[in-house]
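J.: I have a structure I would like to understand better, so I am pasting it below and will then ask my questions one at a time.
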Amino acid sequence: MAFQGKKLMDDPDDAVTDFIEGLVETYPALHYLDGFPQIKVVLCSDISTDKVAVISGGGSGHEPAHAGFVGEGMLSAAICGDVFTSPPVDSILAGIRAVTGPKGCLLIVKNYTGDRLNFGLAAEQAKSEGYKVEIVIVGDDCALPPPRGIAGRRGLAGTILVHKVAGAAAEAGLPLADVAAEAKYASEMVGTMGVALSVCTLPGQLTSDRLGPGKMELGLGIHGEPGAAVVDLLPVDPVVSHVLQQILSKDTQYVPITRGSRVVVMINGLGATPIMELMIASGKTVPKLQVEHGLAVDRVYTGSFMTSLDMADEVILRRLDAPTKAPYWPVSVEGDRPPTKLPVPIPTSCSRKNDEGSNRPQELSVQGRILEAAIEAAANAIINIKDCLNEWDGKVGDGDCGSTLFRGAAAIVEDMRNYYPLNDAAETINEIGSSVERVMGGTSGIIYSIFCKAAYAKLKENNLPFVESRQWADALEASITAISKYGGAKAGYRTLLDALIPAASILEERLAAGDEPTTAFFLSSEAALSGAESTKNMQAQAGRSSYISPEILASVPDPGAMAVATWYRAAALAVKDKYQT
């Protein structure tokens, strides 16, 4: 039975910003951008733009990664998302603008859909502003068979080793192309596998009961998502043997490490493993590598970094040994704590929503009132199913789908009171996209941002004050096309598209048959719900669910698809009610 986890904090929603404030008070060489709570960026106090900037980041909850590895000789900046949620594009752009000089920047990104999308779109925007940007994607997970679909291997703790190699290369004065090449090479050499005796607890949420007494999990991800297998609790020796066999497997050939290779070992705690147990695991690992696998162990790092094995050569060893002031890399450099710290201003090119005036019209048109009712109903429907979405996502993902969508829905309700030009449907859809992009982050945030921007572009083609039902249907189709293009998912991949695609199909069909628009909208909402419920029978081929076994997936529908079905149906009912009154 699930129970409330114990956390030493105040408001769970403030956990990340509170952590950052404590971090910069503790370490003199760190600062943060003045953009709380939306923009959470940790950077070096003495920013140097005469070398390549190295930037990484992702969802919080993996501390000390990534902010603890900001410092001379390692990361120039870390972009912090909410817990287990990819940071939004605006935050990443703010970080790029703050630390990138003429030599450009390298973005090191863990292989998760939300991180790839958000960092990728931020990189494209930065390039359009004149910055030189390269990206290296790290997928070092060796626990699972070669992945299905479009997901690829998960990015795990081996990313920290890539940070160090890239940071040292940048510090040595190498140009961007060479820094990126060394980081990419290091990422291809590293393999990682996770083991857990218990599941993690997100701030303010219940602790999952997925692992019962006397059980352990092999191959879980860094977000606590289910791994390769749940087994009876084993002693450390066979666990270490299994992990090494998986990483060095000749069947998967994930890492090019063979007998006679030189390696670097990182024994990493995910947050709940005492240093005694980590050292015991380290003591078992090194002789097994030497005797059973015939490897030369050149370096061993044991502690809480974000467990990884990296093939070593002279260049990689030189980069790992190079000095750094990143506080959580072993043998870091200390300094005197200054008497006070003020956040660093955000670069002026980064806009702030609350600096804008109100765009809401004083009097709403008929369409404006209908649009307001639909938006409000859709947002409130998501707010009401937050816990249910989190529960589903806790079984097939990282447990934060409801919380992430809740933030977006709450922002929409709040922003609609002041900012949405409700008499202009296209501009209102664009503002919704801005709201969710600002506060949601993660895969959901960027997907919904793409959804709204594509719909906005399609609606603007007509440039008419009143949007007809046919134009709404075309906008929905444009949004689906854009999501599939940028996210890579299709029908049957067990994503939110499995609710949107049948909804769009029925909407088109019923409008073509001459149905009254509100009836067509309502019938399409039933198709969205049926499509969402059908995801129970689908094998995921995108996102974190693609790593989950079919047996677990069959127990719940896809949370993202159910969220779409929920808000879509609520909007359809609200529109129907408005037309009837």
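Positions of Cβ are set from backbone N, Cα and C atoms, glycine also.
As annotated in TrEMBL:
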type	residues	note
DOMAIN	11-341	domain 'DhaK'
BINDING	G59, S60, G61, H62, K110, D115	substrate binding site
ACT_SITE	H223	active site, tele-hemiaminal-histidine intermediate
REGION	339-362	region 'Disordered'
DOMAIN	369-573	domain 'DhaL'
J.: Across the domain 'DhaK' (11-341), what does the pLDDT come to on average, as a whole number?
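T.: That stretch averages a pLDDT of 85.
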J.: Can you give the largest Cα to Cα distance in Å, as a whole number, for the residues G59, S60, G61, H62, K110, D115 that bind substrate in the record?
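T.: Pairwise Cα check on G59, S60, G61, H62, K110, D115 gives a maximum of 15 Å.
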J.: S60 (substrate binding site) has how many other Cβ neighbours within 10 Å of its own Cβ?
T.: 25
J.: Validating a neighbour-count step here. Other CB atoms within 10 A of the CB of G61 (substrate binding site): how many?
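T.: Cβ-Cβ neighbours of G61 (substrate binding site) within 10 Å number 25.
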